Structure formats: structure tokens, C-alpha cells
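Here the structure comes first, spelled out in C-alpha cells, and everything after it is commentary.
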Amino acid sequence: MAGGGTAALEGGATTTAPLRLIREVARISTAGFSGFFKKDCADLARRVSLLAHLLEEIRDSKKIQENVEVGSSSSFSSCFSDLTVALQAAKRLVSAANNFDSSKISSDGATKKIYFQFQCVTWKLEKALTNLPYDDFDISEEVQEQVELVRAQLRRATERYGGPLSSSLLCRALSQPLDKEIDPFQPSNRLTGSLHVDSIGSIDLEVRPKLGALLERNASERFSTDEVIEKKESFRNSSTSYEINAPKDSDSRRIKNLACKNLEENKKLDSPVIPDDFLCPISLELMRDPVIVATGQTYERSYIQRWIDCGNTTCPKTQQKLRHLTLTPNYVLRSLISQWCVKHNVEQPTALMSGKIKKSDGSFRDVSGDIAAIQALVRKLASRSTEERRAAVAEIRSLSKRSTDNRILLAEAGAIPILVSLLTSEDGQIQDNAVTSILNLSIFDNNKGLIMLANAIPSIVQVLRAGSMEAKENAAATLFSLSLADENKIIIGASGAIPALVDLLQSGSSRGKKDAATALFNLCIYHGNKGRAIRAGIITALLKMLTDSSSCMVDEALTILSVLASHQEAKVAIVKASTIPVLIDLLRTGSPRNKENASAILLSLCKRDNENLACLSRLGAVIPLSELARNGTERAKRKATSLLEHLRKSQQH
């Protein structure tokens, strides 16, 4: 594969082999699957088939040839080579598993071997998709979301098949034909001699700056945490060779330990099979909150809601037109799922079971004595007495700040819907404490879904617009916390929250601006929210932050701009706001971090745009870029070098 990678790029042929393999897998799927691995084959084939749209858009992209021209063919070749290898493995696997002789299932761990192959292939596919340089092609928003969903499904499938993979086992498994499978449980079954395979390599990650506090800080009843969010700045990968030789004694011990570990991990294979009716047709996971759509099909609420919020009006399973978009809770199925979980000793969606909370070490803590007190406190939230409600919500704010156990118990006692209703209270103190309580409760991940189910977003946005400054700050922090779940980014973005956050970014307190920046950054990771932010005037606010000498938020402004700069509407707005001269000035005078982000933004604005490149040249950007290419951070060097190459080519033309 590696030898013909560069040639394959010519004429968009990079995608030829992957597309062919996808169509071959689709043909196998059309014939139907049977046997012991029927569901595994069908799931893998369906995920592979969904990638056809991505490869077709890359094939038709005008940018692929341009990227070849600027000398990036090596990294492109490596990325597409990885994907081709993964698809070849997927094709071999579905063919072999579908034809697997059922009489061998009970012999010599054959089932575990095949499951291990499914784990290897799903892991390789997910990593190959992660490494594709999406930003270098005109990929539509719809296809990007589809790929994200496939990647998420592949990650979950890898975990279900037995957890993290060691690179040595992966290399061995993927390099062999399926009729000569590697047994992951037998240390004596090893390869000798040399074996060269394409590795996934390392993903170029940029550590995002800490854009404010998620937790309410102690000094003013706001907790704090180091939320470090990584932005995938580049998906380039290099081809690496591994040699697997005959092991020494130390290798034997290591492999023996690895075999024991894998045996433990594969105990999951002996767990009870979840009935198909209990799995969401979209996520293929056990449903926590099953809801019924107009066609009568049942889905997990968060996944079908995301489907609808993306503008779809058909049932994903039947493709029938939805007569209405109402989601009706399926209480009967939820009860059946709960009973099944109890019967098979499967952990249920709730963290509280029989008056006990599961601790991180696996043991349980008896909280039955706390439950009654918290339930009584929650009942006071609905009291007719304003003073009683005020005291209760203040106490809940305090409790929700102290511990995870309290957050679990308050949610189980039904506090969240009542707190949401108090967000519209005319009593300012009740409103302030209610929104802060919801912020505190949202730290526990399971509570995020309950807050969304309580339809809290419209009320939080109202607080963001018209509440006290403290309430606005905590409302912005709450939106950030909730937006950490990807499906919530879409819902929050469509709620009108972004204009309110931009207003807070422009006119809020110092802490309010930090919280607004944090929330806007996270929301704008979702492509569909970038246009909303532009139309809300975020570029003007960010430019002011860059040019205001008293501003302490240059890092935040540059980081948000770096996320927005890949959006065409944002590019136009950034250039129109005369931001390029400011960015060039930062190349000269900014901190290493500022220079890095400024060069990244300029590259997004100027590549394949001769007018912006000419502007760079006129404003004297060559000298600071040359200095950055020599002495900047590794990422800054790459960006500056690429910009200088674009400038050179534009001057030649």
C-alpha cells in the first residue's frame, strides 16, 4: 500500500480503493447474514456502508488536487492507506464470520477469536477515520455528523468486544489472513521474523486553553476544575514499520501477563445477551430513556432528538415520514429493561440502587438515612411559602456543591424538574440559587440527561438574558457543562442561547465573559453552531478582545477564532472586520501560544485565497512568519511554513 500511495492521489484516485471495498462489503450485506455472528456482521457492514458518502464527497472535492500540489501527498497517502487496510480487514472479517462453521463455536475458544477480530477491526476503523484530514476537504455538515456517529458507534463496539487493545496484538491480528488467525489467549502463538505493518501513529493534538471554570468557585461559591479540552488540529499520520521478532524471556512474561489481562477483559463475552428490543436502533446501546415516535418505533431519547434536531423528518428505522415530532415515553419498555437488569445483575441506568450508592472502588454506601431528609427538602421546593422555597433552594445549592452522592440523591428525589420551574421565579434570590443548583447537579454526567429531559434550556437562556449578573454567569457555566455531551450542542445552539452568550461576552463581568467564552467555544465545535455565532456578532466581540489593551482574554479570543475559521461564513466575517492586520501584529508581539493560534487562523483564512495572501504580503507578514517557522512551537512552525509556501506559490502565479 505504502509504495503506491503518492500515485494513488492523482486525479482523486485516493478514494478508489476504499470506495470499492465499501461497495463490496455492501454487496455481501445485501445477500444477507446468517449464523452465530449474524448481528456482528450486520452491524459492521452497516457502519462501513455509511462511509460511502464521506469518500464520495472527498473524491469530488476540488481541494484534493490542491492539497497534492502544496506537497501534502505523503500524509494524505498514509491516512487513506490506513483506511484502506481497515476496510480490507472488515471485508475479510464479515466474509469469514458469516461463513463460520457453527460446529466450531464450542471448540478451542473459536468464538473468542472471532470476537477479538471484530474488536481489532472496529478499533482500526475508528482510528483510521480519526486520522483523515477532514478540514482539507469540502465535507458537508450532514456527512460530518454521520461520520461522527459512525466513529462513536465503533468506539462503543470496541469497548463491548473487550476494552482497550494492545498495539502488538492489533498488529498481529490485522496483518494475518482470517484463515490464520492469531489467538490472543495463547502466548506461544507468536509471529517470528519481521513483519511490517502500517501503524495508526500519533494524532496531532492541540491542548485547548482552560477557558474558564466549570465548577462553582470556592471564593464565591463557584466550584473549579481543570477542564482541559483537546482540539484535533491535524489528522495527519505517518507510516511506521514495526518489527515483531522471536520473544526473549522477558517478552514471554510480558505476553503471559497480557494474556491473563485479555482473559479478564473477555469475561464480558460471557455476560447475558441484551434483547434486541432493549437496544436503541441508532446507538445499538441499552436504552435508558426509551421514547416512541409517530411510526411506533422506539429509540433512546437523546439519539432520536438529535436526529430530529438535524432536520430529519423520517423514522430512521422505517424511513417513513413522521406525522408529528412528539416523543412519547415508553414506560412499559423502561420497566421491562429495569426488570431485566435486576434479573441478570446488569448495572441499571441509575446510580442509586436499593438505598445504596456504588462507590468508585465497586463497594456500596448505605444512604437510606439521607434519602428521607433530601426528599423532605425537595418537597419544600414546591411549598406555597416563598420563605420556605427560598430556604430550601439555598440548602439544595449548598448540598449539590458538596458531593457527588448529594447530586445523585437530589436528582433521584425529583429535584431537577422543580428547580427548572424555579428558574422563572420572580424572586431574584430563588432564581440565582436555582440556576446555581442546576449547574452543580450537572457535574454528575447522568444528571445532564435529566436536566435536558426537564426542558431546562429555554429557562436557562431566559436567565442568561434577564437574570442578575451572578445568575447570568452561572447560566453560561451551566450551558457549557451541558454542552459537554455532543448531542446537547445541537439542542442548545438551536435554543437561542448563542446570541445571549455573545451579549454576555461583550458586556458581562470579567467572570461572566470567561464563562461565556467557555460556553461559546464548546458550542462552536459543532459545525452548525458556527454560523449562528457569526450572525450573533461574535467576530466584533472577539476583535475587541484582541485589540483592547485592558483585556485579559486574548488567548480565549484566538482559540474561539481558530475554531470558527474553518467556516466559510466566518472567514468572510473575520476578513471584513479587518482582523488580518491584528493577527499579523500578534505574530510579532504575542506570546508563543498567541503566535501559534494566530498563524493557524491566518492559514485557514489565506490558503487557496489569493486576495488574502496578497494582503499578508502587503502587510509584511513574511518576516514574522519566517521567524516563527524557525523558532516557534512545533504547531506554529508547521502553520508558518505552510503559509510561507502558499505565499511563494501565489507570487509565482
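Backbone N, Cα and C atoms are what each Cβ position is placed from, and that goes for glycine too.
Where the annotation comes from TrEMBL, it is an automatic prediction and has not been curated.
For 273-347, the entry in TrEMBL reads domain 'U-box'. Annotation comment: TrEMBL describes 372-414, 414-456, 455-497, 496-538 as repeat 'ARM'.
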- Note on the structure: Tertiary contacts of the repeat 'ARM' (414-456), defined by C-beta under 8 angstroms and 6+ residue spacing from its ends, are 214-216, 221, 223, 288-289, 301-302, 349-351, 374, 378, 381-382, 386, 389-390, 393-394, 396-397, 400-401, 404, 407-408, 462-463, 467-468, 470-471, 474-475, 477-478, 481-482, 484-485, 488, 491
- Note on the structure: The mean pLDDT across the repeat 'ARM' (414-456) is 92
- Per DSSP, the repeat 'ARM' (496-538) contains 35 helix, 0 strand, 8 coil
